[in-house]
Amino acid sequence: MSSAQDPFYIVREEIQDSIDKLQSTFHRWEQTASNTGEYVHLTKEILTSCESIEWQVDELEKTISVASRDPAYYGLDEVELSRRRNWTGSARKQVGTVKRAIEKGKSNAATSKYQDTSRTNQYSAQDNDDFISSESDRQLLLMRQQDEELDELSESVQRIGGVGLTIHEELSGQERILNDLSLEMETTSNRLDFVQKRVAMVMKKAGIKGQIMLIAFLVVLFIILFVLVFLT
């Protein structure tokens, strides 16, 4: 199976796109002041993306675990399995690094917010009203943007979940086929043993002359069948 047709690479591409978008958003977050509404919005967006990507990587690792039970059946080898495990490990590490940085930033932002609040108490009532009104409008805009991005993220998760379900169904179907084939082979083997025993009994009872006649009959029968199958 080529990389373009392998469900693993299809899902991996989806996850990599999500990681690239996460890294881009993280860079924006690093350059945003912690006392702004945009900073809060980006923090929530990044944490949501981290959880989604971690779930996707978990599902991908489950398919690798299934394939590792019988690599040859799925056209894989240990080198390919190792390469896939290394990629999922790397993806998980990238997400973990971003997530830890965000959580640390949230802690620092909370401290900074407390300090800012103390200073804000010194402002006049009119200045506070203007600030709250402006900040409220910005928060509403950011919340709408966040809802749209979460909808897009939800659609991506659903697509990946569908691919994972398809992989599971395909594996289950192939396992059933193998079980049926194994049962048919066992049944055929038992029938062949029975026929061999009956032929041996007939040959033993027939004696030398009978055996020669039986062999001659089988040869003639084989020739007739050969002519019927290949020459007609």
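Placement of Cβ uses the backbone N, Cα and C atoms for every residue, glycine included.
What TrEMBL annotates here:
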- 106-128: region 'Disordered' (REGION)
- 108-126: compositional bias 'Polar residues' (COMPBIAS)
- 140-202: domain 'T-SNARE coiled-coil homology' (DOMAIN)
- 212-231: transmembrane segment (TRANSMEM)
Averaged pLDDT score, the domain 'T-SNARE coiled-coil homology' (140-202):
79
Can you tell me how the residues of the domain 'T-SNARE coiled-coil homology' (140-202) break down into helix, strand and coil by DSSP?
63 helix, 0 strand, 0 coil
